[in-house]
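Written below as structure tokens is the structure these notes are about.
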Amino acid sequence: MIRGLKAKTLCKPNIVGRQCDLCAPGYYGYPNCRACDCHEAGTKPSICHPITGECHCKENVEGARCDQCHLGTFSLDASNPKGCTKCFCFGATDRCHSAEKYRVEFTDMSGWTLLSGDRQGASTSVSLEDETVHADLRQFPDAFQELYWHAPSSYLGDQVSSYAGYLKYELHSDIQRGDVFIPMESRADVILKGNQMSIMFVEESYPAPGEVYKGELQLLEGNFRHTETHNPVSREELMMVLANLEQLQIRALFSPISSSVSLHRVILEKTSETGGSIPANSVELCLCPANYRGDSCQECAPGYYRDIKGLFLGKCIPCDCNGHSDQCLPGSGTCLNCQHNTEGDHCERCKDGFVGNSSLEEHVQCIGCPCPLSVPSNNFATGCIYKGSTTQCLCKPGYAGFSCERCAPGYYGNPLVIGSSCQPCDCSGNADPNMLFSDCNTLTGACTGCMYNTAGPRCEMCAAGFYGDAVVAKNCTECSCLPCGTDWCDPKTGQCQCKPGVTGQRCDRCQEGYYGYETCLGCQRCDCDIGSVNPNCHAQNGQCDCRPGVSGPRCQQCSPGYWGLSADGCSKCQCKGGSCNPRTGECTCTNGLTGKQCDTCIKKHEIPVVDGPDNMRCEACDSCVLLLLEDLQEIESDFPALERQLTSLNTTSIAWARLHSINGSMQAITSQVREYQKSIHRVRQHADELEEENTDFVQDLNALQHKATMTHRKANRLMDVTQETYQQAESLVLNVTKIQNKINDLIHQMNTFTTANASSTSAEEFRQKIAEVDAMLRHMKAMDFSFQRAIAVEERDETQNVLNRVRNELFNKLEANQQLVNQINDQLDHYSSDLMDLRDALNEAVNKTRQTEDLNSLNRNHLEETQQRSKEIEKQYDTIQTTLRMAKESLGKISEFLQMVINAKEESEKLLAQLDGARYPLSEKAKEYTLASNKIQKVELAEEHAKLLDELARNLSSIIDGTNQDGFIQRAINASNAYASIIEAVKNAEEA
């Protein structure tokens with residue numbers, strides 16, 4: 001399109017003028033008027049010379065066709081009055097071109113806040129689906145005239161790429177029904193803050209209430225003004241704000257009667273190498289020097305940091321990290337992430353555990369101390385000292401030894417194993433508080449000597465038999481469980497876990513149907529059989545409660561003399577002697593007995609004798625009885641005749657029956673006498689055994705307890721036998737007395753019978769027989785057992801004496817042994833206490849020995865260093881003496897110089913008065929001064945000159961500081977420097 005006036009209808013095409021004597025703009029060579037070969041975007045409105053056709057380029061455009069940007073500019077644009085935009089690049093370079101990027105839209109509606117001018121916030125609600133933030137103002141004070149939406153952090157920071165892009169948003173406000181819209185005074189609609197500057201954009205029109213206002217702002221310098229001064233904003237200033245955007249505010253309130261406000265879909269255009277369709281030609285891509293990076297050189301390259309002194313963001317100067325890092329903090333230059341085992345603000349020293357060796361390279365190289373190994377994972381020293389071929393390590397806390405090769409007291413581990421280290425002993429605070437260090441195994445860390453009833457590798461649990469919290473509450477309490485019946489006690493709750501078959505809260509008894517608690521091995525099942533009264537048994541021996549006639553530990557069989565095991569028990573055998581079949585009850589006779597009930601002897605001259613409560617045996621008659629029996633047999637042979645003669649005599653039959661009974665009693669007496677004699681023999685044997693056991697008891701004290709128990713049991717059995725023998729003897733006397741009485745009665749009856757029948761012939765013969773019987777009876781009656789009884793009583797007394805003597809000796813020995821055991825236990829307790837004291841003392845001695853070794857090692861080092869320092873001090877003393885002499889000579893010169901400084905002070909005061917007079921013209925010139933890119937070189941020269949002045953001032957200050965006692969000289973120097981700086985600044989300002 002050709003700019004200019006339309007050709008008059010009378011003129012030929014491309015010709016203009018009242019007389020049609022000029023070529024139209026964009027054409028040359030009247031009258032032919034050919035089109036100029038110029039790039040329209042780069043030419044002025046006149047386009048080209050009307051005669052020669054030479055293109056008229058804009059200010060920043062060059063080339064025959066005006067199609068190229070000047071060096072230091074970029075982005076040829078028809079809408080730009082200068083054609084191309086000057087490269088900014090934050091002053092780092094003047095060479096740039098348009099970035100090959102595209103515009104993209106960024107939106108984030110989370111985190112927006114609504115704040116008043118004094119930073120009071122209003123409650124908001126967010127709808128991410130609608131991309132809207134809403135605020136109800138009905139509860140908000142009416143006094144607030146300013147409300148702004150504040151952007152979240154995602155819109156802030158480095159937004160240089162948004163230059164010339166658009167900020168788009170939608171606003172909406174409501175008023176209550178019936179209210180009249182009252183517009184507020186003009187205020188900033190968009191505010192940007194950054195790098196200590198605040199700029200604003202003011203919209204010309206106000207949005208009406210109830211309508212959606214769509215805001216659209218292009219981020220160009222022409223659209224902004226300074227918030228405070230309302231002066232125009234330069235491109236450089238806008239770029240400074242965008243380089244570190246700290247706040248983005250959008251006006252929310254346009255009328256004081258608004259009841260609610262909302263913000264919808266805020267879009268900020270940025271750039272991206274892909275994903276967009278609109279080229280971002282207005283975004284510069286600078287050819288940054290090595291110390292800068294970023295599209296506009298807004299960042300420092302790795303190895304450089306920002307020195308805030310200088311234009312715009314400041315200069316990027318190299319990090320002084322001695323070649324050990326390429327990162328440092330802006331402003332201070334403090335190095336970050338020091339490498340090669342270094343540390344410090346400038347990576348100027350070695351880390352702990354490393355030592356410098358400047359002989360390797362120009363910069364100090366840090367190599368690991370072999371403390372004890374050279375690998376970093378096993379270097380446990382804060383430093384080390386090389387002494388010839390040996391290395392003295394300065395160990396970290398927790399390590400000891402010349403090379404830190406072992407753990408210090410209170411630590412455990414193995415520093416000699418790669419990857420291992422010394423860790424503090426962790427005994428959960430349950431170690432001996434009297435120990436300087438926690439006592440644990442130096443390799444495993446297992447704590448020894450856990451106190452307060454604790455156990456475990458770290459004393460972290462209660463000991464066996466205790467429960468509670470050993471770490472925090474430290475309240476390990478003894479379990480109430482009985483050890484005999486307890487398998488273990490829960491260390492947390494204290495609940496007793498009983499052994500098999502044991503029950504009770506304290507595991508103190510067997511379960512129902514179990515026995516054997518005293519064995520401390522758990523209780524066994526009773527397992528009582530059918531013959532028991534109930535399923536329970538004796539708590540100690542497990543004997544079941546058997547029914548009558550039943551025996552066995554489990555009541556599983558009939559007792560001897562019983563048969564027919566059932567739930568009702570066993571039935572008694574009906575046998576006088578022997579036993580019966582336990583299943584059928586049939587008698588099985590023994591001891592020469594026979595008969596259905598085993599109550600008859602097989603042999604002729606034997607009689608059944610009671611042998612125990614439920615047994616019988618056959619016993620042969622003695623010679624006396626045999627003679628009597630032979631006589632009785634003869635008498636028996638005569639009895640038939642007598643029976644015939646005395647058929648009518650009932651008394652004789654009665655006497656005969658009594659005589660037969662007497663015969664049976666005599667046999668029983670004979671048996672008892674024999675038993676008595678055997679008992680006496682057994683008593684003597686038992687007494688001999690007791691004497692032998694007593695002798696062995698004296699000789700062998702170690703077996704005393706066992707033999708004493710056996711002897712006591714045997715003595716009890718002997719006592720029982722003696723008592724039984726004594727009772728049998730008394731019973732025998734009573735039986736003999738009864739027999740004698742019966743014989744007397746029989747004699748009396750026979751005498752009566754003889755008197756009544758004296759006249760009979762047969763009676764005479766009968767009396768003769770009776771006389772013989774009476775003689776036999778007198779003979780039997782004359783038999784005296786008192787001698788045997790006396791012997792038995794005497795032996796019983798002797799046995800009782802022996803028993804008492806044995807009991808006394810046993811009890812005396814037992815009491816002596818018990819006292820000896822008590823003494824031994826007391827000695828063992830004393831020895832145990834002494835052993836614990838010795839162990840504590842030993843631990844303390846070992847710890848002190850280790851500390852002494854470490855202190856000795858340090859003392860040796862200190863002694864060597866002290867000796868070396870002593871030599872150096874002697875050398876320095878001579879030097880100081882020489883220096884003092886020179887100082888005295890210089891003191892006179894300094895006094896002269898001091899007088900010169902005083903004179904300079906007076907002159908500076910005069911100059912300060914002149915400076916006050918020139919202050920007003922200087923301020924007027926400063927107001928007229930604006931920052932321009934063509935004065936960068938002069939500012940840099942001014943900075944260099946200021947540095948020289950500053951260096952000169954420091955040199956002068958260092959010379960005078962030694963004599964400046966009251967600060968007077970320093971104040972004079974400061975005044976002189978200030979004056980020189982001000983004069984130089986005034987000159988530079990006038991030149992600008």
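Quick reminder: no glycine exception, Cβ is built from N, Cα and C everywhere.
Record features (TrEMBL):
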- 36-86: domain 'Laminin EGF-like' (DOMAIN)
- CYS36-CYS48: disulfide bond (DISULFID)
- CYS38-CYS55: disulfide bond (DISULFID)
- CYS57-CYS66: disulfide bond (DISULFID)
- 107-285: domain 'Laminin IV type A' (DOMAIN)
- 319-368: domain 'Laminin EGF-like' (DOMAIN)
- CYS338-CYS347: disulfide bond (DISULFID)
- 369-424: domain 'Laminin EGF-like' (DOMAIN)
- CYS395-CYS404: disulfide bond (DISULFID)
- 425-478: domain 'Laminin EGF-like' (DOMAIN)
- CYS450-CYS459: disulfide bond (DISULFID)
- CYS462-CYS476: disulfide bond (DISULFID)
- 479-525: domain 'Laminin EGF-like' (DOMAIN)
- CYS498-CYS507: disulfide bond (DISULFID)
- 526-572: domain 'Laminin EGF-like' (DOMAIN)
- CYS546-CYS555: disulfide bond (DISULFID)
- 632-707: coiled coil (COILED)
- 789-883: coiled coil (COILED)
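Cβ neighbour count within 10 Å across all protein chains ranks CYS462 highest among the disulfide-bonded residues CYS462, CYS546, CYS555. Rounded to a whole value, the Cα-Cα separation of CYS498 (disulfide bond) and CYS462 (disulfide bond) is 19 Å. Within 10 Å of CYS55 (disulfide bond), counting C-alpha to C-alpha distances, fall none of the disulfide-bonded residues CYS347, CYS395, CYS459, CYS462, CYS476, CYS555. Note: the CA-CA distance between CYS404 (disulfide bond) and CYS338 (disulfide bond) rounds to 26 Å.
When DSSP labels each residue, the domain 'Laminin EGF-like' (319-368) comes out as 0 helix, 16 strand, 34 coil, counted as helix, strand and coil in that order. Distance from the CA of CYS38 (disulfide bond) to the CA of CYS66 (disulfide bond) is 6 Å.
Sequence-distant neighbours of CYS36 (disulfide bond) (same chain, 6+ residues apart, CB-CB distance under 8 A): GLY26, TYR27, TYR28, ILE47, CYS48, GLY53, CYS55. Here the Cα atom of CYS555 (disulfide bond) is found 133 Å from that of CYS57 (disulfide bond).
DSSP assigns CYS395 (disulfide bond) to a strand segment in the three-state reduction.
Across the domain 'Laminin EGF-like' (526-572), mean pLDDT in this model comes to 90. Between the CA atoms of CYS546 (disulfide bond) and CYS507 (disulfide bond) there is a gap of 28 Å.
The two recorded residues, CYS476 (disulfide bond) and CYS459 (disulfide bond), show a Cα separation of 11 Å. Across the structure, CYS38 (disulfide bond) and CYS57 (disulfide bond) place their CA atoms 9 angstrom apart. The Cβ of CYS507 (disulfide bond) has CYS481, LEU482, CYS484, GLY485, THR486, ASP487, CYS496, GLN497, CYS498, LYS499 as same-chain neighbours under 8 Å, each 6 or more residues away in sequence. Recorded residues CYS462 (disulfide bond) and CYS347 (disulfide bond) have their alpha carbons 51 Å apart, per Cα-Cα distance. DSSP assignment over the domain 'Laminin EGF-like' (36-86) gives 3 helix, 17 strand, 31 coil.
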